[in-house]
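Presented below is the structure to which this report refers.
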Amino acid sequence: DRQTLVAVLQFLRRSNLRESEEILRREARLLGDDLGGNVATVATSSPGVAAVAAVPPGKGEARGAAGSVLLGGNPGKYVLHSAPCLRVSSPSSKITHSGDVIGGAVVVEDQPDVSAVLSAYNQQGDPTLYEEYYSGLKHFIECSLDCHRAELSQLFYPLFVHMYLELVYNQHESEAKSFFERFHGDQECYYQDDLRVLSSLTKKEHMKGNETMLDFRTSKFVLRISRDSYQLLKRHLQEKQNNQIWNIVQEHLYIDIFDGMPRSKQQIDAMVGSLAGEAKREANKAKVFFGLLKEPEFDVPLDDEDEEGENEEGKPKKKKPKKDNVGSKSKKQDPNAPPQNRIPLPELKDSDKLDKVMNMKEAARRVRLGPECLPSICFYTFLNAYQGLTAVDITDDSSMIVGGFADSTVRVWSVTPKKLRSVKTAADLSLIDKESDDVLERIMDEKTASELKILYGHSGPVYGTSFSPDRNYLLSCSEDGTVRLWSLQTFTCLVGYKGHNYPVWDTQFSPYGYYFVSGGHDRVARLWATDHYQPLRIFAGHLADVTCTRFHPNSNYIATGSADRTIRLWDVLNGNCVRIFTGHKGPIHSLAFSPNGRFLATGATDGRVLLWDIGHGLMVGELKGHTDTIYALRFSRDGEILASGSMDNTVRLWDAVKAFEDLETDDFTTATGHINLPENSQDLLLGTYMTKSTPVVHLHFTRRNLLLAAGAYSSQ
């Protein structure tokens, strides 16, 4: 009606959205008196934020998520009802969460309020018919053609949850109970944990403060379905006049429609299983600079053996005319690399350059691994670790190993004959001749030399540890909600970073030092710099705990794995989420980037290792073999081999070259978001190595490609 239109136009003008106002005026032909029939009128369902979409004539066919579309995905906001035909957001006019104007759709969104979220369950049908509705749809899907059945079966779980919650919200407790009991056994096994939580919600009051509940309500469940299957479903529901189910499909599901062949059961099973369904294809379209940064150039002295000895004392190296070009091996800029100055990185110190030189010398002696040449594995077993080993890290040069323990201690060991020493006291330091050649040796206090240093400070189990690349610092994060930075010169705590209010599950230094990331029970990851008390970035988006974090080798991106069974890739520069990967059936516990930055490997409680192509945003491999949670993943230094370590007491080696070679990424796979995974990953498995009774919690390849593994012996 005209009055609503005028109100909406005024709102647009107040919000400075002139362009949308113009479009709406044109569409409504408000220039004359005739209002036309093309304007979606606004029906309010609770006080909130108005959102308008003008639908151009001729675009009235159903697309995307069907029916009256709920803008921004938040129930309890203004809902668009359309004229006789259905009008929906489609890939061509995307409705975004940011308040942008895209394809003539305007969205203004605020944070969901629990009561507003729940009020969307008010519209209700006859409670006694719910079981009939659901079993009717179930019968229809099970009797449809095989090619459609697999795709439409994805509807069972989200519909089951929403219908159950609707019954509970409207206080039909006995109907809800019988509905749950009748149909919960039909759901896929990987939803069992979620269903356990759901079964405890039996009264309207329970729903108020429940996080799982809120997540399910505020984030639309995403289903990826081919156009043919979708049309089939729509026709069935309209013929049956099954409005209850149709309303849920419109309100609570986001159907990502693609043109082409329906996907097979195997393809769908590989991709589903996360808390909010699959990722929208749009989510993985942003450009990602996955290439490596150019190494800084400096001269590499070709030392004789005796000079090498001097160099290790920490003397600044003598510059010599360059005889080889090891230092300048990456002259060419990687076309996929981010600009060198895209994010500010710390300057290289002299000691860093020295370390790079040592690294290159080691690299020259590196063993080339492959199916014919597997690495030796050196296993560090923590014996009598009755304190409960909860985290391990090894320095890049493999000289130190750190363990985080459930008794809140952090223990650092030297694994070379060189003992750990602290710097002398200030009084003693003042007596040292600062000009002497071996000043770096003299400042160390021999009396403090020992193989083990224990760091006290946390007040809860230590869940993550990470050495800085220059080996001067160590990070640890704990159940006490803090991340601590320790000095490895004095073995004391320098800073406690307080930002998380709940346990912090993981932390990691950037490959360039200075920055580090942490993730915790509060569902966000935070980016920090060592010299700032407050986080520089907060990455919010996961629907459950952030269980593991990893920096991309170029330091411009951060990957996070979560208990919501998804992996997200975040851009450090602007904090945006640029990739969402779904496919794991349990919480993610390990992440590893390939050395060339192109691929990501992820491991979870489901015992599968999934491989992802970051550039295309696709799953490109699935490695099956482990029978328990995978806590450790690491690529060899040249990326030929992927090692995985698990709670099933094994280390497995996989052929990474073969897994990633000749990937078919044609237009179809990119459009549908998956490739055809080989049935059998056994031909990629190069070896399985059992421990006696030690779960593997950490893996590390030395600079010469010896594989180090670590875990605590468990007697049971």
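Glycine residues also receive a Cβ, built from the backbone N, Cα and C atoms like all the rest.
Keep in mind that TrEMBL annotations are predicted by a computer and have not been checked by a curator.
As recorded in TrEMBL, the features of this protein are as follows:
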DOMAIN    125-253  domain 'TFIID subunit TAF5 NTD2'
COMPBIAS  300-311  compositional bias 'Acidic residues'
REGION    300-354  region 'Disordered'
COMPBIAS  323-334  compositional bias 'Basic and acidic residues'
REPEAT    382-423  repeat 'WD'
REPEAT    455-490  repeat 'WD'
REPEAT    497-528  repeat 'WD'
REPEAT    539-580  repeat 'WD'
REPEAT    581-614  repeat 'WD'
REPEAT    623-655  repeat 'WD'
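Looking at which of 382-423, 497-528, 581-614, 623-655 has the most CB pairs under 8 Å to the repeat 'WD' (455-490), the answer is the stretch 382-423.
For the repeat 'WD' (497-528), the residues of the chain that approach it from at least six positions outside its boundaries are 345-346, 460, 463-470, 473, 475-485, 534-540, 542-551, 553, 555, 558, 560, 562, 570, 572, judged by C-beta separation under 8 angstroms.
Remark: secondary structure over the repeat 'WD' (623-655) totals 0 helix, 20 strand, 13 coil, with classes taken from DSSP. Regional average pLDDT for the repeat 'WD' (455-490) in the model is 94.
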